[in-house]
Amino acid sequence: MQVLLARLACPVYQCFHAIKIKKNYLPLCATRWSSTSVVPRITTHYTVYPRDQDKRWEGVNMERFAEEADVVIVGAGPAGLSAAARLKQLAAQHEKDIRVCLVEKAAQIGAHTLSGACLDPRALQELFPDWKEKGAPLNTPVTEDRFGILTEKYRIPVPILPGLPMNNHGNYIVRLGHLVSWMGEQAEALGVEVYPGYAAAEVLFHEDGSVKGIATNDVGIQKDGAPKTTFERGLELHAKVTIFAEGCHGHLAKQLYRKFDLRANCEPQTYGIGLKELWVIDEKKWKPGRVDHTVGWPLDRHTYGGSFLYHLNEGEPLVALGFVVGLDYQNPYLSPFREFQRWKHHPSIQPTLEGGKRIAYGARALNEGGLQCIPKLTFPGGLLIGCSPGFMNVPKIKGTHTAMKSGILAAESIFNQLTNENLQSKTIGLDVTEYEDNLKKSWVWKELYAVRNIRPSCHSILGVYGGMIYTGIFYWIFRGMEPWTLKHKGSDSDKLKPAKDCTPIEYPKPDGQISFDLLSSVALSGTNHEHDQPAHLTLKDDSVPVNRNLSIYDGPEQRFCPAGVYEFVPVEQGDGFRLQINAQNCVHCKTCDIKDPSQNINWVVPEGGGGPAYNGM
């Protein structure tokens, strides 16, 4: 990381960057390759360039060790850990021997977890009724709930009436990474085998097409794609049922959508990018238990988004603040990170932060599509839970409780099928269709159905304010029972307009006290990857970023990425520019895979243990 930051701070880069800021965009004539230029090789990953055609891999032992389990779970977030714990609870209750293995790409459980987070404890209460006695880190009950609309200089308070989605009575402000870490301890105590630092890289299939399990990724590969002397093949984990709990926009779930056509009867998912910071503030300004949400400035009415500011009771005057931007925005000049930094200077926000110290930063994509965008959840040999398919209640700004409940229901359905000797599957991998049926009968489905029209109502000519009017009238009157369902308008990647049709956005320079630059922010995420490995941000075509994205959209990847992964720099020989991928900076948010207008970027897992090292984010 230090080497990377030094390189990005070099005079050549700063000079180029200064020119770019001044002009706001590169002249279109400068973005194309000259006739004498050669497109430089960017992607070296074996998912794009198969190793069986590479002489450097001749003679390398490619055998993989395999382990058998009853259930394999990919992802140690709230959903995956809920499923794992519930399976072992049922096994103990019924005196059954069920082996449950859970793999997590982060070096430690909770290190890749990021959320606001204001937690509805309903699912936690179901899973661990004695969570208080067990010491679950829910230290801050909500004591004050505020909502407002921001103009450039003012905050217009909006009352939160009982029954509206934003009401947080009975909820807790939590550091979700700490809660996930605690859940991991409970799961291990129940007998779950938890393997942090193992990144699931491949879905394995039986000959009949059902899911057989997963394989973790290979390690010990050079940046140019050649094997190191330390090369080790990944591990195979086989199971009767594999649960995919990867979180929002999981890279294995993407493969499963295509393989089993799981999205045939739902709308394309729509997403947001959430950026978050932790601050230690002046104790005189600290209001433990206060929850504050806003919409409006600095975003225009056609750009969905908003903010949160939570006062935690963690033994020190700590606040969690963040900003969410809907990834269906249209202006390629928009930078979610810089909108976040600008928001902190609002007269209603800045006084809270003055005299304080920023101690952490991170970002993660989130599902915003709601009920209309939930895919088919089961397939032979596996199923999807949590934020992977997307159970977030968008107007409530909460998805942890619904993710946990989906994991609980999946575990109960799997247990019934594993222990029912009269139930035979037509395929080798069990198809647990009962899970989707049970989910649709649960409070999760009822909750999501009630708010299904709120997010798409923001697509009107009035934008976000039209959505607020809709919520105030129709949700208040019908409580989600209106006899229609609004639709979203296509994929987020299709929403960008050409740069020539948009106005460049002038962002103020960060002051280093309230607002900050991108690289110093990434440094606070603890992000680190093995430098000498192929970039896990792979491109289907190395020429597309310059010939299409830069030429038409002024290179939006250099703005929508909240970690400075993508840069357009001058080519070493010839005219024009090339895309540079700083994979070491990646915080695993998945925004690039979602928003790339060419859908040319494919995010795959790096070596296990790499990525951010969040501490209670």
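Using the three backbone atoms N, Cα and C, a Cβ is placed for every residue, glycine included.
In Swiss-Prot this protein carries:
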type     : residues                       : note
BINDING  : 71-85                          : FAD binding site
BINDING  : Gly305, Gly306                 : ubiquinone binding site
BINDING  : Cys561, Cys586, Cys589, Cys592 : [4Fe-4S] cluster binding site
DOMAIN   : 577-606                        : domain '4Fe-4S ferredoxin-type'
INTRAMEM : 109-130                        : intramembrane segment
INTRAMEM : 428-447                        : intramembrane segment
MOD_RES  : Lys96                          : N6-acetyllysine
MOD_RES  : Lys132                         : N6-acetyllysine
MOD_RES  : Lys223                         : N6-acetyllysine
MOD_RES  : Lys357                         : N6-acetyllysine
MOD_RES  : Ser551                         : phosphoserine
TRANSIT  : 1-33                           : transit peptide
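Structure with Swiss-Prot features highlighted.
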residue: Ile73; record: FAD binding site; Cβ contacts under 8 Å, 6 or more apart: Gly80, Ala83, Ala84, Val100, Cys101, Leu102, Val103, Thr242, Ile243, Ala245
residue: Gly77; record: FAD binding site; Cβ contacts under 8 Å, 6 or more apart: Thr113, Val180, Ala245, Gly247, Gly386, Cys387, Ala403
residue: Ala79; record: FAD binding site; Cβ contacts under 8 Å, 6 or more apart: Ala245, Ile385, Gly386, Cys387, Ser388, Ala403, Met404, Ser406, Gly407
residue: Leu81; record: FAD binding site; Cβ contacts under 8 Å, 6 or more apart: Leu102, Ile109, Val180, Met183, Gly184, Gln186, Ala187, Gly407
residue: Ala85; record: FAD binding site; Cβ contacts under 8 Å, 6 or more apart: Leu127, Phe128, Met183, Gln186, Ala187, Leu190, Val192, Ala411
residue: Lys96; record: N6-acetyllysine; Cβ contacts under 8 Å, 6 or more apart: Leu90, Phe415, Leu418, Thr419
residue: Cys561; record: [4Fe-4S] cluster binding site; Cβ contacts under 8 Å, 6 or more apart: Thr591, Cys592
residue: Cys589; record: [4Fe-4S] cluster binding site; Cβ contacts under 8 Å, 6 or more apart: Ile273, Ala363, Arg364, Ala365, Pro562, Ala563
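For Gly306 (ubiquinone binding site), the number of other Cβ atoms no farther than 10 Å from its own Cβ, over all displayed protein chains, is 21. A simple way to gauge crowding: the CB of Lys357 (N6-acetyllysine) has 10 other CB atoms within 10 angstroms, across all the protein chains here. For the domain '4Fe-4S ferredoxin-type' (577-606), the DSSP counts in helix, strand and coil order read 8 helix, 8 strand, 14 coil.
Mapped onto three states, the DSSP output places Cys561 ([4Fe-4S] cluster binding site) in coil. One way to see the shell of the [4Fe-4S] cluster site is to take the Cβ centroid of Cys561, Cys586, Cys589, Cys592; the remaining same-chain residues with a Cβ within 8 Å of it are Ala363, Leu537, Pro562, Ala563, Val565, Tyr566, Val587, His588, Lys590, Thr591, Trp603.
For Val71 (FAD binding site), the nearest neighbour among the recorded positions Lys132, Gly306, Ser551, judged by Cα separation, is Lys132. Around the Cβ of Ala83 (FAD binding site), 33 further Cβ atoms fall within 10 Å across all displayed protein chains. Distance from the CA of Cys586 ([4Fe-4S] cluster binding site) to the CA of Ser551 (phosphoserine) is 24 Å. Counting neighbouring Cβ atoms within 10 Å of each of the binding-site residues (Gly75, Gly305), the lowest count belongs to Gly305. The two recorded residues, Gly305 (ubiquinone binding site) and Cys586 ([4Fe-4S] cluster binding site), show a Cα separation of 23 Å.
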